[in-house]
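J.: Quick paste of what Swiss-Prot says about this protein:
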| type | residues | note |
| --- | --- | --- |
| BINDING | Gly140, Thr141, His142, Gly143, Lys144, Thr145, Thr146 | ATP binding site |
Amino acid sequence: MNNSVDFGGRPFHFIGIGGIGMSALAYVLAKRQLPVSGSDLRPNHITRKLESIGAHIFSRQEASNLEFFGSKVSSTEIELNTQEMFPLGKSTLPQVVCSTAINSNNLEYQAAIELGCPILHRSDVLAALINDYHSVAVAGTHGKTTTSSMIGYMLLEAGLDPTIIVGGEVNAWEGNARLGQSPYLVAEADESDGSLVKHAPEIGIITNIELDHPDHYDTLEEVVDIFQTFAKGCKTLIGSVDCATVRELLRTAASDRQQPTITYSLHQDTEADYTVTNIDCRADGTTALVWEKGKALGVLKLKLLSRHNLSNALAAVAVGRLVGLEFGEIAKGIAGFEGARRRFEFRGEVDGITFIDDYAHHPSEIRATLAAARLQARPGQRVVAIFQPHRYSRTLTFLEEFSESFSHADLVVLTDIYSAGEPNLGLISGEQLAEKIAQEHPQVVYQPTLSTVCEYLLKNLRPGDLALFLGAGNLNQAIPEIITTLCEPATATL
């Protein structure tokens, strides 16, 4: 792929523009008044939003889509002719942006090669934007979206008007991206396909490191190598020493490269730069006293639940102090942050049943989310975990870990595996995972499809239940159907 990105007015065409990562980039480019087009086989509210700001969206993927900003040719034309499609020459060829999910058989991808279009991975575009700004890039196996969104919100509330690119939708800016008018950029930096190594921000954050994405990585050591390369490119590195792997990486960065490093921890005895005491996690939020190099800064209040979100907030505190904010400004921004969508998101309440949507799909994330749910649950209230496994490779790799992740749930409802495009090799199934979980947790029910999940829950949810829909697939599509059906004899709070 061509790594050179032209922000000088040359068009961008995104293959699969409706994806959460692709659409955020397209939004920022379109808001910068650059020509943007894209295709997606499943138009959604995100593609409609892009259309509203001037992007042209195709609902089919075909070669002729690439000529939208060139001369108009028929979509039925068989022969691709660069001179006919782009009479002003190759300088008008669009820059074609794709993600790892796009394979070489894609018609638009093949046409881009034949026409000689510059082909960019989405990480190339993000890396170029990171280089264009005073940038903060948030990396880590878990907590990237919440941490980057929180930092973005904090800077926004402090009047710094940042550009923000994250992997989830945030109500504060009604989407997964916003274009600011200041030199600041906050971005979520994804490690799933190894492209994290392309980013060289002024401030880099590593929240934690674990093995994940077994479709790309075989060992934890391979994951660490990617984060080490990312760390080398950061002018200043911030990380949590509560993760042993991050702690070692920070130590190496500080000693071998004399790189400025800033550390944070939930434990005051770690000698981290930012620590907390007096932690109080309650159903309505989390508070703690924040310390900076042994000096008390003040009390931090979060609307978000649990210790892992307090850790994310400490990363935000470190960034705020680094860019010159007073603690009062930092605390105000963090206190107002309500979280990102699909991150312990309240979706409704009907007949006393509370519905929560969460993106958790890794064993560690499930444990943390269910622990937060148990904290919020009232005495006697059931925590019902409805989980859709994500990818065959992840389910097989972490089979043992998944079986131990549901201890805080009173009832587990498991669906079949959401493939996310992976082939089913017959090595693992949702039913096998259910059987494995049942060895540790007796209250497990297997319901393979969204329709059977809905049927089961409508019959078995009780008033007072806290129902959590967990997974990175399409399980959350069942929530509106269940709420709507329950609403027929009652009134829901939405």
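Any Cβ shown, glycine's included, is placed from N, Cα and C.
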J.: With every protein chain in view, what's the tally of Cβ atoms within 10 Å of the Cβ of Gly143 (ATP binding site), excluding that atom itself?
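T.: Around the Cβ of Gly143 (ATP binding site), 23 other Cβ atoms lie within 10 Å.
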J.: Sort out the sequence-distant neighbours of Thr145 (ATP binding site) for me: same chain, 6+ apart, CB within less than 8 Å of its CB, listed by position.
T.: Val166, Gly167, Gly168, Glu188, Ala340, Arg343, Tyr359
J.: Taking DSSP three-state, what's Thr141 (ATP binding site) in: helix, strand or coil?
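T.: SS state of Thr141 (ATP binding site) = coil.
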J.: Going by a 10 angstroms cut-off between Cβ atoms, which of the binding-site residues His142, Lys144 has the sparsest surroundings?
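T.: Counting other Cβ atoms within 10 Å of each of the binding-site residues His142, Lys144 gives the minimum at His142.
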J.: State which of the following binding-site residues has the fewest other Cβ atoms within 10 Å around its Cβ: Thr141, Thr146.
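T.: Each of the binding-site residues Thr141, Thr146 was scored; lowest Cβ tally within 10 Å is Thr141.
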J.: Where does Thr146 (ATP binding site) sit in the DSSP three-state scheme?
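T.: Helix, per DSSP.
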J.: Among all the protein chains here, how many other CB atoms are within 10 A of the CB of Gly140 (ATP binding site)?
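T.: Gly140 (ATP binding site): 24 neighbouring Cβ atoms within 10 Å.
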J.: Note the Cβ centroid of Gly140, Thr141, His142, Gly143, Lys144, Thr145, Thr146, the recorded ATP site, then list each other residue of that chain whose Cβ lies within 8 Å of it, in sequence.
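T.: Everything else in range on the chain: Val138, Thr147, Thr207, Asn208, Asn312.
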